[in-house]
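Scroll down for the structure; my scribbles are underneath it.
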């Protein structure tokens, strides 16, 4: 039977589950699916049987790599959930799922509190204005501390948590929660079978004072935000539960507060109240309102599309995956209008028409066919040939382009050499399909060695991609050691550089003259744009049809830097002037002139080498602190802070990625296996001269 999407959008929630790698996100999602009736048997992550983790590598590693989408129902409401990965190498999956969500559940480990990846994901959610509720998970774990975790939400995220539930007991004695809205205990005592109903009781005597204190804080916070409620609160009048709920909903949707719940997903405790909160407090598509885009023919004209089936169709493709039977699946969020199976849509990003073969709502990797895709929902489309992540699909009669996504450049690379000619052919297919799925997985040819070089966001990212090539595409290949993705940039402006491209042989010749200026370019915070081109030519001295060719030539030359052939970034190029010839000028001539002008200008602009710097966090017992800091310093790291956390010391530092290979082994041997660390890409920084000269010499065969 086809699963039809709810047409009343007020009863729809598009949410993500987001967290640090081991906070229990996937288990939480599995329990949601069980309690909402989708799963009859619950899969455990540590058994490799989890429904949402459907790739072989995910089942083996016990982590979520891709964002599986699924649909379920709770109390007459439809919840479309995306389970996102918690490992830093897969932040792109988080980023693109947040782009299409209306709300999220942030899951925290009750012992660890806010961890580095939690901070990263939280920042990404803030970037896309995604309202959140918090679920403090693993309350049954040794060392679980709800109040500590809530404090870390304040200290590390700078957020305003609104405590909605208090734990009853902790660790093995965790039995339930105090529901602060209704002032009652909600318990699941002893070993709770999956699917067991909660019991509602009086609040335990030893928790009554604390419950009163937190209830008072809750009411006060909510009342402060509304003049009428505040007057009634100070007059001693009672504010009803429904009034509190309505105001908490407003505050949550505007990201002024973040309601906090707690439980143990693994022990089946606390899931139902959290699901109620998803419905009560997270926005529906109507709350989010119109999506912004621009006219497909004129980027300056803003277009708004309401979440209504009566509007023209518009949707954003946010993920591409390969399904074992159907081939290419394109995950799509529909923002307005609707489209039927077999219908034709326009990919306005690529200006190509696409026909929809089949439409599904997904439950992890199991598909449920639907006849129509409607506004406010998430679907998988089959049959789209040219659509990739970030593309807009729309009505061909009313084209629009929705705001797309920026994807970061890779920070790590490996060379790959197929073992046989047959492997070479299979490798080409594998790379094309995997790059379609993941825009942060890149491929290039090293002109000097002739090797194929794969790029990604970290060692695990590339491990998984290479593993998939072997398993899914049967590619046998030798893999080189990981290499750092260095970049080059300039430090000094060049006010004017003239270059003339001139070639005269028999027949028509080639002629193009360009005068360019070059200067360092500072990208806006949060932007992945690393280049800007400005045209200041007047009076038609370079005809306008040749201007894009100059830009293209400059961008081509930026792929291969001056010092050691690494890509050039953070450059602003201005075309000041030029000249052309009626017969001999062409697009190609101006492209070559732009390319050569950039190379000559960079040589005069004090080029420098850049390297990826990682934000590293080490958690270590105090007695090893000196060793850990000494080791970080020896790796050219800069320690930024030292804090206490749960009886251990936390060292935060920025360290070049090139110095971090093999770090986990060194750290374990220095600390008798008692320390651990995490790292996230932070930024690119200039390589010190002595180190840079070695890198350049190695790259250029000693000609530094």
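Along the chain as shown, residues are numbered 1 onward.
Cβ atoms are placed via backbone N, Cα and C, with glycine included.
Database features (Swiss-Prot):
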DOMAIN    10-286  domain 'tr-type G'
BINDING   19-26, 83-87, 137-140  GTP binding site
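A sphere of 10 angstroms centred on the C-beta of residue 19 (GTP binding site) encloses 30 other C-beta atoms. Secondary structure at residue 139 (GTP binding site), taken from DSSP and collapsed to helix, strand or coil, is coil. Within 10 Å of the C-beta of residue 139 (GTP binding site) we count 30 further C-beta atoms, all protein chains included.
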